[in-house]
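Listed in TrEMBL for this protein:
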- E176: active site, proton donor (ACT_SITE)
- D309: active site (ACT_SITE)
- E418: active site, proton donor (ACT_SITE)
- E443: active site (ACT_SITE)
- T529: Ca(2+) binding site (BINDING)
- C372-C404: disulfide bond (DISULFID)
- 37-57: transmembrane segment (TRANSMEM)
Amino acid sequence: MTTPALLPLSGRRIPTLSPGASSFPHHRATLRLSEKFILLLILSAFITLCFGAFFFLPDNSKHKRFDFGLEDVLIPHIESEKEARHSSRQVIHGVGMMKHAWDSYRQYGWGHNELKPIAKKGHSTNIFGNSQMGATIVDALDTLYIMGLHDEFKDAQEWIEQNLDFSVNAEVSVFEVNIRFIGGLLAAYYLSGQEVFKVKAVQLAEKLLPAFNTPTGIPWAMVNLKSGVGRNWGWASAGSSILAEFGTLHMEFVHLTYLTGNPAYYQKVMHIRKLLAKMDRPNGLYPNYLNPRTGRWGQHHTSVGGLGDSFYEYLLKAWLMSDKTDTEARKTYDDAIEAIERHLIRKSNGGLTFIGEWKNGHLERKMGHLTCFAGGMFALGADGSPDDKAGHYLQLGAEIAHTCHESYDRTVLKLGPEAFKFDSGLEAVAVRQNEKYYILRPEVIETYWYMWRFTHDPKYRQWGWEAVQAIDKYCRVSGGFSGVKDVYSSNPTYDDVQQSFFLAETLKYLYLLFSSDELLPLENWVFNTEAHPLPVLVNCCSVESSER
């Protein structure tokens, strides 16, 4: 397979001269030409060489880091000198938060997957198995790089070179390891050009491939990195795989094929898409559960939040990442969003637009914090939507952003709960105790950032700054940042976990919100669901190649 050159970040190549290109004959006695003529000769030769370099030198951008000129883009594009000072302070504040989170992990949890900032020791969950794989290190790589924290980035790279080992006897989540580890390593490779990140990403991908050895090709939720044995979560409906998990592999796996020339990764994810295309969908909706043995849906539960969310996101982003050539992905996304709007999106009595969950023919008027990413998704997908509905979807994104901001604003801590209801007179408010927690999630801030990029309405920066202040006030502790158990309590208790996605997503989206649009422009980069930026690929892969 021929791997094409990536589209350069700036959209143009920088002309470079070959060694010695500026050395022209200049001895008057030898040439016997006037000094003026020599100067004209030199000038014309220089121009010729520059144009020749511009048009004819090979494009090696695939093998180099993407230089997005950090020194040129850290100060945001703003309207006034006063706003410039304010935005610059916010950018610097964001770097300070990242430094505190990283330095605390470096001191108390180094090499562990995550950090317990109160107990000041390492932490892990079953999604990473029983091994210390440094999830926070890998997840934070590109945030460190984008923020210009190069010493910290170097420390992380050294740990990865010396310690990151995938031949361990550990059962991990295919989905989580893909979006955090493979996504994080690929983004770090594209940004820095350091080969070790690509090598490690490919090594890990090979360890995940046995998860696809099912009767249908729908992967297991978990796989043992050493034995290759896979299984599904015990709580999943009738032994099913989860839509958001097996539907959130496309971006990373296409890039793996692009970088290695191995079509296996691309074929795996295209097989999933084609299988789903053949299945009946109740009311045009995709249920969250699919049995990998029988190829049948589990219980008919549809959600744009947990269990479903990033499946829809990756349909849109597959199209964007393909330089808008994967029209099959775009059509699938448009059809899915049309069904979601018809059956799941409603307006509350108080005028708040929300996305409910469909359960066995009934709409549950509840929205999760995870669902709040959809505001940004609608805005991102507005351009290119059918029937000239771009304005409609941008407005829908704005309405979801407003609803999710209300879920923050109606709490004591000004931080959003895990889930919130729209019935019995309560709107955008959590009812159950086990829905009142905030675990440093990024989805609301993610939508603020996308809405800012597409509208430049200052309220999105204002809302983002409110979130910064609340996180700093209530989640910062001496040993890092912790989630809180009740956002409605003026004396919150901590959950004592600094999630790796806090460094990968929450802090990155806040930083980008107050930075220039020239930093990782959306026409050149597509963010995976863990906020790891991957470049747009031109002429990478065709849908037909998956059938070979």
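All residue numbers here begin at 1 and follow the chain in the order shown.
Each residue, glycine too, has its Cβ placed from N, Cα and C.
Where the annotation comes from TrEMBL, it is an automatic prediction and has not been curated.
T529 (Ca(2+) binding site) and E418 (active site, proton donor) are 18 Å apart (CA-CA, integer value). Taking the Cα atom of each, E443 (active site) and E176 (active site, proton donor) are about 16 angstrom apart. When other Cβ atoms within 10 Å of the Cβ of E443 (active site) are tallied across all protein chains shown, the result is 23. In the structure shown, across all protein chains, C372 is the one of the recorded positions C372, T529 with the greatest number of other Cβ atoms within 10 Å. Here the Cβ of E176 (active site, proton donor) has 21 other Cβ atoms within 10 Å, regardless of which shown protein chain they belong to. Of the active-site residues D309, E418, D309 has the largest number of other Cβ atoms within 10 Å of its own Cβ. In this view, C404 (disulfide bond) is surrounded by 29 other Cβ atoms within 10 Å of its Cβ, with every protein chain counted. Note: the CA-CA distance between D309 (active site) and E176 (active site, proton donor) rounds to 14 Å. Note: the Cα of E176 (active site, proton donor) and the Cα of the residue listed as 'Ca(2+) binding site' are spaced 10 Å from each other. It is 18 Å from the Cα atom of T529 (Ca(2+) binding site) to that of C404 (disulfide bond).
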